[in-house]
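Asker: The structure's right below; bear with me while I get my questions together.
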Amino acid sequence: TMQSSGHRFRDVEHHPLLAENDNYDSSSSEADMAERVWFIRDGCGMVCAIMTWLLVVYADFVVTFVMLLPSKDFWYSVINGVLFNCLAVLALSSHLRTMLTDPGAVPKGNATKEYMDNLQLKPGEVIYKCPKCCSIKPERAHHCSICKRCIRKMDHHCPWVNNCVGEKNQRFFVLFTMYIALISAHALVLCGFQFFSCVRGQWTECSDFSPPVTVILMIFLCLEGFLFLTFTAVMFGTQIHSICNDETEIERLKSEKPTWERRLRWEGMKSVFGGQPSLLWINPFAGFRIRRLLLRAKKGGPEFSV
């Protein structure tokens with residue numbers, strides 16, 4: 001513990017506010033950070049994110065070209081095709097927004113005397129500094145070793161979205177798990193109808209592919225759908241439970257006693273999804289501005305976890 005500017009500055013380790021190799025500019029602010037595109041350069045996360053897209057594309061291929069297009073029922077094919085593809089677009093859009101949205105990162109190296117003086121802290125007030133990214137650590141923030149940043153209200157780091165789930169992108173992660181669960185359930189239902197149709201009729205007529213290829217493709221889709229449905233449904237339920245209890249997964253696992261005033265269930269939902277309940281809650285495009293994104297990319301380039 002060290003004394004500074006009339007308040008106490010508490011740290012897990014004893015070392016200077018800024019290391020010699022830190023390139024922190026005291027003129028930078030969180031507004032400057034918001035003007036950059038967020039992306040984490042993690043090999044495992046990027047592979048998992050690509051796999052997620054490939055699995056969704058595979059499911060869409062089997063549903064569209066193996067089951068629906070060969071069907072003799074025109075409206076059955078159109079309705080299910082439109083529904084499945086719309087859910088797939090919403091799922092992948094939610095995935096992108098989760099991956100490319102700043103989860104609530106605290107600026108690196110802001111633990112300077114100038115910054116702390118601007119906080120207007122009361123005498124004797126204790127603040128915490130993260131020894132790993134050399135930043136003032138807000139309440140309920142945790143350091144992510146993969147993002148190499150402290151994340152506000154960090155729930156967990158998810159390799160499937162190659163990002164942390166935190167204060168600013170939890171909504172998109174919840175939508176991602178919901179839409180993946182829905183398309184997985186839809187794919188399983190379509191597989192059931194397709195198997196029944198093929199067994200009742202002729203295998204050579206129920207698909208444009210040969211019977212062995214059709215069976216193999218559908219079996220893989222069933223396995224994929226079952227695994228993803230189980231995983232994302234559990235994750236969706238866990239996230240909703242955490243939001244309603246105003247408690248992150250890290251806080252629950254560490255059994256941390258809340259030092260903050262917990263929100264009521266609906267207040268927690270409104271704080272994550274924004275405003276009163278509406279269709280905007282399930283819209284991953286809400287608040288998205290292509291022009292603003294292009295300006296960010298042109299101005300600051302991508303922000304990497306280095």
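Using the three backbone atoms N, Cα and C, a Cβ is placed for every residue, glycine included.
So TrEMBL lists the following for this protein:
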type	residues	note
DOMAIN	129-255	domain 'Palmitoyltransferase DHHC'
TRANSMEM	43-68	transmembrane segment
TRANSMEM	74-92	transmembrane segment
TRANSMEM	172-195	transmembrane segment
TRANSMEM	215-236	transmembrane segment
Asker: Residues sitting near the transmembrane segment (74-92): Cβ under 8 Å, six or more positions beyond its termini, same chain?
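Answerer: Apart from its flanks, the transmembrane segment (74-92) reaches 53, 56, 59-60, 63-64, 68, 175-176, 179-180, 182-183, 186-187, 190, 284.
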Asker: Averaged across the domain 'Palmitoyltransferase DHHC' (129-255), what pLDDT does the model get? Just tell me the whole number, please.
Answerer: 90
